[in-house]
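> Under the heading transmembrane segment, TrEMBL lists 12-36, 48-67, 96-121, 128-153, 173-206, 227-248, 260-281.
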Amino acid sequence: MVNLLPSIFSVLITTEFILGNFANGIIALVNCIDWVKRHKMSSADQILTALAVSRIVLLWVLLMNWYTVVLHPGLYSLEVRIFVRIALTVSNHFNIWFAASLSIFYLLKVANFSSFIFLYLKRRVKSVLLIILLGTLVFLVPHLAILCIYENIQTNEYERNITQKTKLRDIFHFSYMSLFMLVNFAPFSMSLTSFLLLIISLWNHLKKMQLSGKGSQDISTKVHIRAMQTVVSFLFLYVSYFLALVTLVESYNRLHNTLLVMLSEALAMLYPLSHSFILIWGNKKLRQALKTIRKMIRFPYH
């Protein structure tokens, strides 16, 4: 049974990989075709397209990690290890920040507050998102620098057997993990804040509707609920993805539990797959494209 686990997880991860690329491919392709036809792309579609591309890259990196770590550990050389870790760091960085930017975009577009600061940000949505995405490079650059230094220390320690570098290695490991936690917690906290503010905005809107004697099922209420569903689905899926990612990062250094690595790989791939299908289902244009593809698959000759 133990020998069958890699094969079972390989089937599961391959399925997740194919479905994940399919879902994100639809998002990117439909938006790009629409952009070619109309010669313009909305801010929401730009974020969705960038998010889809980053998730496709993330899925390929996770598959490469699975292939070299679990299926063919003999291929897991130092060069491959460094490449995979850098690729995972970069793809994960843009993946979570594009998702957080989408949450912020929904907040600024959907929510209604009378605060001067909120109204100022609402009028400058594109500038706000651009500043956030460029500002995240402040996290990415030191993250990659510490990762490279840490890998270099581990390499020297392995090749030269310099035991006095153990303390330095632990210091850089702590620094790397601290920065890793900060980089991943920041977009999560921003998305959580966006979700809470959307709830407050919806509550204020419903109170106004009750005072005016109107029903609660107006367009604004539906838009609020749709935006909240998208954000909260990201929050729940991201928690499981983050735990899986921590396990994978630690597996490079300290953990040697193959079963835990396999579970983490499968859980990590579930996030870019599931959330992308949720985004498709919440977007009328993407949902229609998916339905069209399903009809073509079911009735290829009609």
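Placement of Cβ uses the backbone N, Cα and C atoms for every residue, glycine included.
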> Looking at the stretches 12-36, 96-121, 173-206, which one shares the most CB pairs under 8 Å with the transmembrane segment (128-153)?
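Checked against 12-36, 96-121, 173-206; highest Cβ contact count belongs to 173-206.
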> With a cut-off of 8 Å between Cβ atoms, can you find at least three pairs linking the transmembrane segment (96-121) to the transmembrane segment (227-248)? Only pairs 6 or more residues apart in sequence count.
yes
> Any contact between the transmembrane segment (260-281) and the transmembrane segment (12-36)? By contact I mean 3+ C-beta pairs closer than 8 Å, pairs at least 6 apart along the chain.
yes
